[in-house]
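Report on the following structure.
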């Protein structure tokens, strides 16, 4: 866990040790006070972010735990794994709800806590399931290729879907009201592409970010970070710097000019705006996030 300092530099805050196998997913609580980690050791751990203390272990999964998502109250969360189970817990360790279906690739919960969105890996599954947590109603989106990961905008209206190819699709969930019989809008709103290699071997994660979440950013298997305009899909920037697959990216929610990328090259890179051009240097043509500020060993 690293802390971002006022000047934009980062410093190591904690090294969290407790899993006996690879950590597949990490998720901050809504108020940033707690952290969940999901592992290939079938274990979910809850950590106190400030102290780095491991608060509790959650042990009901019988295969690797691949994803988790907090509910907005910060007291409950949902985990999903390759055992085909999704479990809602409270932070005291009690199981509140349970769903059994396909092997979970990823899941997200809308910021209002109403909908659970999940995708499975069964038989190259191309479906995304939207589940109303209040009434239990479900609706399904069918994609063109297998789905690897999901991401929601902070308002909960827009869903990013990473596919096992070079594409990212965005859907507008705003019109859906399953309890009132109003289904999902099946047509995607935008499509983002440009990566030079297929996303076939690794899970690649994308996200919204920037001022008013105007951008979409994604890693890729070609070692680049890609940034698109979120409203019309135009590729704005390709950021070189990594030497391996870029698995995940995330935009700083408090600083619209900062994002981080994690790669198989064993580094996390923190990117920021380029400095203003001096009298003896040319201005950068990159107006989006474009400069490596720190390389942090993973």
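Please read every residue number as a count from 1 along the shown chain.
The backbone N, Cα and C atoms fix where each Cβ goes, and this holds for glycine too.
Among the features that TrEMBL reports, region 'Disordered' is placed at 275-298.
Model confidence over the repeat 'WD' (16-57) stands at 97, taken as the mean pLDDT rounded to a whole number. What TrEMBL records for 16-57 (among others) is repeat 'WD'.
The repeat 'WD' annotation in TrEMBL covers 58-92 (among others).
For 239-273 (among others), the entry in TrEMBL reads repeat 'WD'. Under DSSP, the residues of the repeat 'WD' (239-273) split into helix, strand and coil as follows: 0 helix, 18 strand, 17 coil.
Counted with DSSP, the repeat 'WD' (58-92) comes out as 0 helix, 19 strand, 16 coil.
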